[in-house]
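Colleague: Annotations per Swiss-Prot:
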BINDING   Tyr30, Gly55, Ser56, Ser57, Asp79, Asn80, Asp103, Val104  S-adenosyl-L-methionine binding site
Amino acid sequence: MNYNPFQWTFKSEQTANEFNEHVEKSVPFYKEIHKIVKIIGGFFVEENTNVYDIGSSTGNLLKGMSNILKRNANYIGIDNSIYMNQVAMNDADSDNIKIISEDVQDFKFTNASYITSILTLQFINIEDREKTIKNVYQGLNKGGAFILVEKVNGEFVQSHEIMNQIYHDFKLENGLTYEEVIKKSQSIRGVLKPLTLKQNKRMLEKAGFKDIDTWFKWNNFVGIIAVK
């Protein structure tokens, strides 16, 4: 793999071409998370509604949901990386998949039965994150679900430090070099803005969600479901 941590950015052509390989080495249980998100979708995706993926990257989640659920719904990805969107559309094998190049905080969701955000909102500043989640809530149909997967901070300093060290060990064990791990961490300083699990849930509550639960937790990665 030719991953170059010195030039890492979501919007580069290199990142788009190598994203799938890199993310599986960097995110614990990444394939399993996608599998569960697709299974949960089976409980919520309805005919003639919209399914949105915020930060759709190479479109794998959307394509997987479209192929597995076999429902007459529109599967819409939102991503501001032109190169990611090109990869997603090149691999799209269904007419009901659409990719939109736009910043999510400016996007209006409509007629949505299911909205997902997999490790995306953590890269958006807090004010825009709150705006996005509010837009998600308003765009969901009653009974629709929002799936949020995020890297989180520990609830106190000691737990945060322990979780970070465990996560660094995970990446090294998965084949990334020490230099890649360090340089990637340096490259996202000031860009990655994780919250704690409690803070994420409070943000969902502030947007209007009342039914909120955690369906996945590994070290400093969590999956949350919020139903309107």
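Note: Cβ is positioned from N, Cα and C throughout, glycine not excepted.
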Colleague: For Ser56 (S-adenosyl-L-methionine binding site), what is the secondary structure state per DSSP, taken as helix, strand or coil?
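Modeller: Reduced to three states, the DSSP call for Ser56 (S-adenosyl-L-methionine binding site) is coil.
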Colleague: Whose Cβ, among the binding-site residues Asp79, Asp103, has more other Cβ atoms within 10 Å than any of the rest?
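Modeller: Result of the Cβ crowding comparison: Asp79.
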Colleague: Three states by DSSP: which one describes Asn80 (S-adenosyl-L-methionine binding site)?
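Modeller: The residue in question, Asn80 (S-adenosyl-L-methionine binding site), is coil (DSSP, three-state).
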Colleague: Mind telling me which of the binding-site residues Ser56, Ser57, Asn80 has the densest Cβ neighbourhood, counting other Cβ atoms within 10 Å?
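Modeller: Result of the Cβ crowding comparison: Ser56.
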Colleague: Count, for each of the binding-site residues Tyr30, Gly55, Val104, the other C-beta atoms lying within 10 angstroms of its own C-beta, and report the residue with the smallest count.
Modeller: Tyr30
Colleague: In whole Å, could you give the widest CA to CA gap in the S-adenosyl-L-methionine site formed by Tyr30, Gly55, Ser56, Ser57, Asp79, Asn80, Asp103, Val104?
Modeller: 24
Colleague: Specify the secondary structure state of Val104 (S-adenosyl-L-methionine binding site) as given by DSSP, simplified to three classes.
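Modeller: Going by the DSSP assignment, Val104 (S-adenosyl-L-methionine binding site) falls within a helical segment, counted as helix.
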